[in-house]
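J.: Sending over a structure as structure tokens; questions will come in a sec.
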Amino acid sequence: MSPSDRARRFLAGQSLLVAGACVVVDVLAFVVQGLPPVTFAWVVALLAVIVADALLATPTRWSGWVTAAAVAVNAGCGLLLGGPPSLRLNEAGVLVASYRAGAWLRGIPAVVSLAVVIGGIVAAFHARGYPLDWYVAIAAIKTGLVPWVVGRYTTARREFLDELRRQAEQEERDARDAVSRAIATDRAGIARDLHDVVTHHVSAISVHAGAARLRLAKTDADPAALLSLRSVEEASRSALGDLRNMLDVLHGVRSVEQLGLADIDNLLHGFRAASIPVRLHITGEPFVLPPAVDIALYRVVQEMLTNALRHGDGGVITVTVRYEAAAVEVATLNPYRASGPVGDGGRGLAGIRNRVHALGGRLHAGPSAQGRTWSTSVSFHLPELT
């Protein structure tokens, strides 16, 4: 059931409850006020009061007709019974009908309903023998005008609060749009700077390294130097590819396939080409990982190797990938310099931690008990793959 349907059912239930209360109150007042013995006119008046009050449970679009019926019963039954001036008929029903007219009618129908209520109340008092004096005027204001004004106020207040809520929602939408536009503008600026500055310099590095390698190849240059220059070329091209991926992300484009653990051999090949000893161990049966986890693990391995190269002592770096039934773990182990950073410091490790924690993974990093090696491990538990 939709919220609007629930609201309509609630209003219908409230209207039925109010109508029932008016029937009970008016019938009790009618029965116990000490009228003459029961007659046909008495029964007709009682039934008319019950019907008029029951009409208060009808939809609000009929408020004008319900108000007219309530006033007509109040005046007509007074004439029919010819009772004393103190005769009480459907006063509760008239109060509620006047309130409904003020709350739900608009424009001319609302004004006409107010005139009908006040005129009907005056006619009812006149039919019971009251002189048209200040008492009748006050009774008409109390029974007709006040409930009508309260109904108008209630509706106006509700509409005012609804308008405030709509304005707040619109302001919230505008604020979100402004933030989105600001983010898009910042991303465009970052992408422009990456393209115009960083990409230019990395391209220049690749070109100059290639030119130097080709020139040295014509001489008796050290083969290790040629291999290093080739590694610089390949690293530059890889960096350009990563920059293009970053530009695609900043522009909201996913046209380039992201790298994952399946590409880890190519990553290690680049390090080995630079004469960096790296060993890879894979245990378990590889399976398809969620794209976000797959990309994150590749970037984590890349950052782990960079940290090992930056803070290690040049020894062998061991990379281990473990596949389990519902988990995957990537770990690196490398010798490190005693003067290197120990603990959680460093942007590289902080970047790994943020990336892993954002996807619900776990990170462990620190030196061995002897303080000669540094280990970093990242694990993701994936129960949905079981």
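Cβ atoms are placed via backbone N, Cα and C, with glycine included.
This is the feature table in TrEMBL:
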TRANSMEM  39-57  transmembrane segment
TRANSMEM  64-83  transmembrane segment
TRANSMEM  103-125  transmembrane segment
TRANSMEM  132-150  transmembrane segment
J.: Who are the chain neighbours of the transmembrane segment (132-150) in space, where the CB to CB distance is under 8 Å and they lie at least 6 residues beyond its ends?
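T.: Counting only partners 6 or more residues beyond its ends, the transmembrane segment (132-150) has Cβ contacts under 8 Å with 91, 94-96, 98-99, 101-102, 113-114, 117-118, 120-122, 125-126.
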J.: Would you kindly list the residues that approach the transmembrane segment (103-125) from elsewhere in its chain, counting only those six or more residues past its ends and only Cβ-Cβ distances under 8 Å?
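T.: Distant Cβ neighbours of the transmembrane segment (103-125) are 60-61, 63-64, 67-68, 71-72, 74-75, 78, 85, 89, 94, 97, 132, 136, 139-141, 143-145, 148, 151-152, 154-155.
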